[in-house]
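Structure incoming, see below.
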Amino acid sequence: MTLARLALVAVLGVVCHAALAEEDSIIVDGNITLGGLFPVHSRGSNGVGCGEVKEEAGIQRMEAMLYAIDKINQDDTLLPGVSLGAHILDTCSSDTHALGEALAFVRSIMDRDVRDAVCKDGAPALKKRRRPVVGVIGAASSSVSVDVANILRLFEIPQISYASTSAELSDKSRFDYFSRVVPPDTYQAQAMVDLAKELGWTYVSTIASEGNYGESGVETFAARARQNGVCIAASEKIDRHASDETFEDIIEYLGKTPKARAVIVFADEDDLKKLIAAAKRLGVGSHFLWVGSDSWGTKVTPVEGQEEAAEGAITILFKSQTIPGFDRYFTKLKPENNRRDVWFEEYWESHFNCRFDNIPSNTGGDGLQKCTGKKTISTASGFVQEGKVQFVVDSVYAMAYALHDMRNDLCPGTTSGLCEEMEHVNGKQFLEYIRNVTFTGIGGDTVAFNAKGDGPGRYDIFQYQNNNGIYQYVPIGTWDDSRHRRLSLTSSLLHWPGNGTMTSPTSICSSDCAPGERKIQQASACCWVCQRCERSTQRLKDESTCEECPVGQKPGANWTTCEDIRIRSVSWTSLYSSIPIVFSVLGILVVATVAGIYKVYSDTPVVRASGRELSYVLLAGIFLCYCMTFILLSPPSPTTCCVTRIFLGLGLAMCYSALLIKTNRIYRIFEDGKKSAKAVKWISPKSQLIFCALFVSIQLFAVVVWLVVDPPDTYVEYTAIDSPDAVGVRRCNVSDTSLVISLAYNMLLVILCTVYAFMTRNIPSSYNESKYIAFSMYTTCIVWLAFIPIFFGTAHSPEKMQIQVTTLTVSISMSGTVSLACLFAPKVYIILFQPHKNVRASSATKAAMVAKRWQQVARKRSEQRPSVSVVMRNGDLEVSSPDQPEMDIQKLPSSDTIVSDSDGKPVYRFGALADRTTAVAETGVLTTNV
């Protein structure tokens, strides 16, 4: 450290004359002197000298230090008997200028340690011995603080900044004597990122002033932005001596990425003003959405005269409170009562746009009115307390409290003034007291330093708004690193240029893709092209990858997950089910009623004449046809699928087998009767049941083979699979074609029945049952011909599937209904409503009609047949031949009239007669006597 100090002495010899010249500075005498560095003036043109006076960031902050010192000196409880002095210098917003100014603080130390130092020409090194500066308040700019801190640390002079926020200054290996009451830019950068995300601004540009503050701030923001999905479209740096054309070039460059409307600005006050002015000149001020750092805060100077170009800007400032006491203090200041402030008259000229005669003015030229010094600073004159005034006051108080604690420890028993140990304050020891200080700041918040000497991360967020022609900064939210949700933004307070809408303008490269679209990334991570997944069965595995959903699933509403496809089956409550169910229930009731009637009247001529055995088989088949409705409408399962296969064709097979046996029997009786008088074989009830069982067993055998070869199961058929409305239909593992083929045997029976019915159309008109069978078959053919196109035309949609199932159930039920109506309705009607026809007497007329028919037959066979007599005995018609007493006499209690041959003997069978009737068969003629 000694070598470093000696080296600095040599440097002082070089700058001795310049340094010893009368400088603009404020010196307030006291027992302990605190240094102060403030940007009282802006940078001079081309970076040389000083420019215009800075009313807010310069004069107000500097006066805040004087205000704090006055308050401390007036406080008997804080450093009693000790007066604080001040040595305040102007940095002129330049790190190089500030470095030269800061040497004055070092000289105060050298005055204590190197009193014999002289200049090269022999002149004394110092004109006046002053008390050494024990600590420095400042600087404002981070770049200035970095350079100054590198000098002050060599002489162990603690430094507390009220505005320097560069994250670099948190490095205590380099800046161990630097502290600050404000948070570092790492917090501010995170606050800006959170703000951009909250507003949906994911594509932004950045602008930084050259130097530590701007470049470090933008660098930190960019790093945090990448971590949070915010992209940087363009990043520009403002050179120290940038001209107006350079600022216009920057604005034009940002305009090349028009989608990046949000611009993050880490720039000092001078650059801010020129930047907004350039945007105004180019007429694009309203296009950009400015987001300013704490260097912008709530300052009026950067936006003065160019309010429209800055309207809507969002700025960040350390959480602070307006100090009413400072407002009262500052508004009472006048040139005549503030002589200690060597720059106050210059401020007065700038604030009131006038000129004192006795000093040159940097604020205007000829024509300005003369300053009288009688006006009063007020809000009406444009005064607004600058946002960092509180932090200047807190910085001074931090050093005061540290000195107070240090005096209490080093000077026990001393109630007033300083003891000998405090005559020369040890900088290293003083720093420890500063880092451990904790007190309630003037704004009401706790002031303390963390291990890195930084203040807490708390910010207020403002928006520059035009409210009824008045431009002002409106608080819209806060950011606090100690909260779980750090950002608190009141969206209803946001107003944007144009129509004052609260809807946030966009600053994005690409809009979010619609559900089901994937991102095809472009050069920037925030820029992409949206493309739909190739198939609607794919979900978004991530933003850029489509992945096929498992079988049976489809993409969910947000297309990022897969969900089960809704499985549909025929609903029992739908109209498609209700109609067949009602129809089948009625059919089953009718079948049960008919079966009951047949059972009660089983011995009556009509029931006996209809063939009771086959009638019961036919009724059972019709019953199964109606029951198929409930099976087909049941939710598919292996059990229901098995039952469907078995009974779907079984009921129809029973119906059509019985009808085929009937029609075949009638056909053979009449056709064989024309050719021979021998009895027709296999027409007894037992034979008919055997043949019927045989025909039905063929259907059952085919079904058993089918069940063995292709065991029943279910599957889900998905329809509209490429549509968001995809649904699944659970079906039995039987194709529509296989189902129809399984009915082919029944169709064959229908065709055979129809053929036989057609071939027996010319039997005696009195024989109505064959006609009824024929009509039933014709109707059945029409039903099934209509069924096939409807069934195959409605096979591939959930809604049409219901129509398909309904069509099948109705077709089966209609087949049974046709048979029920045609074959049983007439007989039931006679039984119930025409009982007089259900007696034996009514059969006499039939016998006569049959005999008449047989007269024609007998004429053709007169030479081959003997005379016969037909006698009614016990209700049956008996036929005998005088010439052939050995002729068999057979009784047939049916409506059939049969002439057949049995073992070479002519057998004549007639329908049962109601009473005794004699039918005499003469040669060639068969007659009946009734």
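Cβ atoms here come from the backbone N, Cα and C positions, even for glycine.
Residues or ranges marked as domain 'G-protein coupled receptors family 3 profile' by TrEMBL: 576-847. Annotated signal peptide per TrEMBL: 1-21, in sequence order. Summarising the annotation, TrEMBL assigns transmembrane segment to 575-601, 613-634, 646-667, 688-709, 739-760, 772-792, 812-833.
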Is the number of Cβ-Cβ pairs under 8 Å between the transmembrane segment (613-634) and the transmembrane segment (688-709) three or more, considering only pairs separated by 6 or more positions?
yes
State the non-local partners of the transmembrane segment (575-601) in its own chain: residues 6+ outside its ends, Cβ under 8 Å from one of its Cβ atoms.
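Counting only partners 6 or more residues beyond its ends, the transmembrane segment (575-601) has Cβ contacts under 8 Å with 607, 612, 615-616, 619, 622-623, 625-627, 629-630, 633, 802-803, 805-806, 809-810, 813, 816-817, 820, 824, 828, 831-832, 838.
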Out of 688-709, 739-760, 772-792, 812-833, which stretch has the largest tally of CB pairs under 8 angstroms to the transmembrane segment (646-667)?
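The listed stretch sharing the most Cβ pairs with the transmembrane segment (646-667) is 739-760.
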State the mean pLDDT for the domain 'G-protein coupled receptors family 3 profile' (576-847).
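Result for the domain 'G-protein coupled receptors family 3 profile' (576-847): average pLDDT 81.
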Six or more residues out from either end of the transmembrane segment (772-792), which same-chain residues have a Cβ under 8 Å from its Cβ atoms?
659, 662-663, 736, 740, 747, 750-751, 753-754, 757-758, 760-761, 803-804, 807-808, 811, 814-815, 818-819, 822-823, 826
Is the transmembrane segment (688-709) packed against any residues at least 6 beyond its ends, judged by a Cβ distance under 8 Å, and which are they?
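Sequence-distant neighbours of the transmembrane segment (688-709): 611, 613-614, 617, 642, 645-646, 649-650, 653-654, 657-658, 660-661, 665, 682, 742, 745-746, 749.
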